[in-house]
Amino acid sequence: MSHKRVAILISGGGSNMVSLVDSMTGDHPARPCLVLSNDANAGGLTKAAERGIPTASVDHRPFKGDRAAFEAELLKPLEEAQPDIVCLAGFMRVLTGGFVSRFQGRMLNIHPSLLPKYKGLNTHARAIEAGDAEHGCSVHEVTAALDDGPILGQARVDIEPGDTSEALAARVLVWEHKLYPTVLRRYASGDRTPVLLP
Ligand code: GAR
């Protein structure tokens, strides 16, 4: 069987990347081909290398906000790896429509909210502030609009009285690590039916 090739883009610790990489064994239809970061010091790069995954980084800072120029460099190692699927996993740079369109229909993202609620940053604090009873995470196909695109899966987490954003983020992250591998496995086998957890 020929496996689907999965490139994973990260910016930090890469715990979601690890959950994806560690899921792609046995009869899984995909295998990791690259872990790519916009930060050479991202902790996730070491974790990927320890797992024998090729890694690369392109620092966004020298581009001083010129997103198209940054993305042109980012594309080089990414296209070289010839991914069938690109997973954004805690990748904290906003991508232009031009970049996204190259991977349209084969790029996924995990976002820490029950989309369409709380696109962007500080999602956990905003959910608490709003007095929501529940929060969670979503995996969606990436389109040109930020944190938009067809939802492929969601996991719900109750917000407890007195919750802090840190405590809530930690509980949501546990579900991110279940949701993303579940969605990727389905997606790699051509199944777009949304996953709902727990
Ligand atoms: C995760 O919670 C992920 O959902 C979030 O960043 C964290 C990365 O953690 N992503 C976003 O906020 C994207 N807008 P990780 O590096 O340990 O996977």
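For all residues, glycine too, the Cβ spot is worked out from N, Cα and C.
What you see is a predicted model, and the numbers here were worked out from it, not measured in a lab.
Positions annotated as domain 'Formyl transferase N-terminal' by TrEMBL: 4-184.
Feature annotation from TrEMBL assigns (6R)-10-formyltetrahydrofolate binding site to ARG67, ASN109. Counting only residues at least six positions away in the same chain, the Cβ atoms of CYS87, LEU88, PHE91, VAL139, HIS140, GLU141, VAL142, ASP147, GLY149 sit under 8 Å from the Cβ of ASN109 ((6R)-10-formyltetrahydrofolate binding site).
TrEMBL lists HIS111 with the feature active site, proton donor. Classification of HIS111 (active site, proton donor) by DSSP places it within a strand.
Taken from TrEMBL, the feature site 'Raises pKa of active site His' applies to ASP147. Under DSSP, ASP147 (site 'Raises pKa of active site His') is assigned to coil, being neither helix nor strand in the three-state scheme.
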Checklist entry - Taking every protein chain shown into account, which of the recorded positions ARG67, HIS111 has the largest tally of Cβ atoms within 10 Å of its Cβ? => result HIS111
Checklist entry - Counting every protein chain present, what is the number of Cβ atoms, excluding its own, within 10 Å of the Cβ of ASP147 (site 'Raises pKa of active site His')? => result 19
